[in-house]
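The region 'Enoyl-CoA hydratase/isomerase' annotation in Swiss-Prot covers 1-189. What Swiss-Prot lists as substrate binding site is 296, 501, 661, and the listing cites sequence analysis. Summarising the annotation, Swiss-Prot assigns region '3-hydroxyacyl-CoA dehydrogenase' to 311-723. The NAD(+) binding site annotation in Swiss-Prot covers 325, 344, 401, 402, 403, 408, 430, 454, and the record cites sequence analysis as its basis. Marked as active site, for 3-hydroxyacyl-CoA dehydrogenase activity by Swiss-Prot: 451.
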């Protein structure tokens, strides 16, 4: 043994060829601070080892290295710039030490080599993998950029254009893609990887392969003429700015770093990369996006724990109520390996549900994400039926019939009498209280809400609603089933609107009050989209949701929370509903809709809307961007905080993920609680107080007043780390 540490070891294989194996005791290998320090010492040991002729990097896991340890990021990023720069300089020196070994080096991969894992293999002279190999640099998705030499080495290995595409998109290349661009030198059968690696390094050591030429290319300036460089970088900056937009600086910063470093040798180029990395790491966007990643891991951890705690796994399921929603739920269940019965009283609805599942599978087939054989298997695992025969075999039943409490209660009561005592019943409802539906059941402990969002196959969030009598076993089983379906389940306690709809309607309330006071809805949409970062402004969102749906839900919320969500007189939602302007579904709402060449709805402004709004709005008045944002967002933020205060949702992490996954809250802001931390709770309280005369929706919750007085924040705990 040449060197051994907790997460890696080095030994000689044969004829002076050594193997450095990453072998962390955890389930995956990560380049955390401890592993980097061990790698540095291992390379010193290799440099001192007599008779060394070559080095092969390997991993004892199914994935090579999944990247740096992101749990350390926020703590590191909170350090002063000089300390962060010093940490990066140390990391860079390690990979340069690997690259400068006086012998040929090769990375032998299976599975993922991502982020720091990719940057590690870029420091070696050769790279081979099996067909499971996936190599990429996802850092820009976290609001940062490669900082271990990825922006320096990747362009020199595969060319600037291909490198910028991978880096700016946070893309991972499959083995065949990596081979095509030159990121992999060969794809080898898994059982022949080691033999192939030894042969390649032996050939290089015997000067049959020019490893030194490869190394020189990586450590020199990019071989681009001035004209080529100008065309390449100008085009890349234009495309990236258009795609990423102004709220996500990481992609464009990475292009600028590659451009600035293009004419420098490796060490000078690494200095340039490091400067830009530090700038991004200190940004609020990076803090928010890294925080979201950590929150997502937290949600996955809760789901994993629920699965382990449940006494029974879901092997079969049933969906009651077909159509688009039922078909989407059945598709998602079958796609992830849980056979499902889809029951409806109408043949036409069953056909609609099966057509929805078939359409979604055909899309995957056309994109090469599954083959015809697998598609047929998935489709055959959905059993459409007009009868209940076979429903007793289901472990979990999802009721997805029409949004009517009497109909839902009747269906749930009926099916409860046909299934075993340990079968779990759920209701896919967006507005009907779970405690109300539970009254129709003999075993309410086996019942909870399971609120899917439309379209089911795209929306990652599922709200799991705990009723007054719901058992922990029921929650665990349904959370585990939702996770098995590939969804992000978040448990909330029962209340009108649950969590997502409860916090959405104060947002619509703030919007309606702005309209009442004379604001232009098209300007509000532009400000909320372009300045705050929502995918669509409130008027456009109401059109997509449907003004009829919003009108009904608004009445439910007003009944549940009359002080904050009740209103005097009619508002814009009422006016459009009465005028039968329901939005996209019937071609006219706040905007008018037509179908474009691709068959997608295209919105335009029509003055036909103005007389309808005139009845519920005052004389036109101009509001500045900041006022618009504050008046629309304060009611939502307050309601989110009240949900935490009341225990409707358990943690800031779960709330922020629900907002991003369920409503499209701008990811670069990280969710309401991350946003409050970034602006400062004290600052928010002072700002919100200036609007309190607008009504109860604008009253600051006691929790925020208390935290502001103590100088607290919601995410203090995520900063813990040390250099």
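Count begins at 1; order follows the chain as displayed.
Backbone N, Cα and C atoms are what each Cβ position is placed from, and that goes for glycine too.
Cα-Cα distance from residue 661 (substrate binding site) to residue 454 (NAD(+) binding site): 12 Å (rounded to the nearest whole number). With a 10 A radius on its CB, residue 344 (NAD(+) binding site) counts 23 other CB atoms from all the protein chains. Mean per-residue pLDDT, taken over the region '3-hydroxyacyl-CoA dehydrogenase' (311-723), amounts to 95. In this entry, 325, 344, 401, 402, 403, 408, 430, 454 make up the residues listed for NAD(+), with the farthest two CA atoms of the set 20 Å from each other. Between residue 296 (substrate binding site) and residue 451 (active site, for 3-hydroxyacyl-CoA dehydrogenase activity), the C-alpha separation comes to 19 Å. Residue 451 (active site, for 3-hydroxyacyl-CoA dehydrogenase activity) and residue 408 (NAD(+) binding site) are 14 Å apart (CA-CA, integer value). Counting other CB atoms no more than 10 Å from each candidate's CB, the binding-site residues 325, 401, 402 peak at 401. Other C-beta atoms found within 10 angstroms of the C-beta of residue 451 (active site, for 3-hydroxyacyl-CoA dehydrogenase activity) number 23, with every protein chain shown included. Proximity of residue 454 (NAD(+) binding site) to non-local residues of its own chain (separation of 6 or more, Cβ distance below 8 Å) is seen for 324, 325, 328, given in sequence order. Residue 296 (substrate binding site) is surrounded by 17 other CB atoms, counting those within 10 A of its CB over all protein chains shown. Rounded to a whole number, the C-alpha distance linking residue 344 (NAD(+) binding site) with residue 451 (active site, for 3-hydroxyacyl-CoA dehydrogenase activity) is 19 angstrom. The two recorded residues, residue 430 (NAD(+) binding site) and residue 451 (active site, for 3-hydroxyacyl-CoA dehydrogenase activity), show a Cα separation of 6 Å.
Scoring each of the binding-site residues (408, 501) by how many neighbouring Cβ atoms lie within 10 Å, the top position goes to 408.
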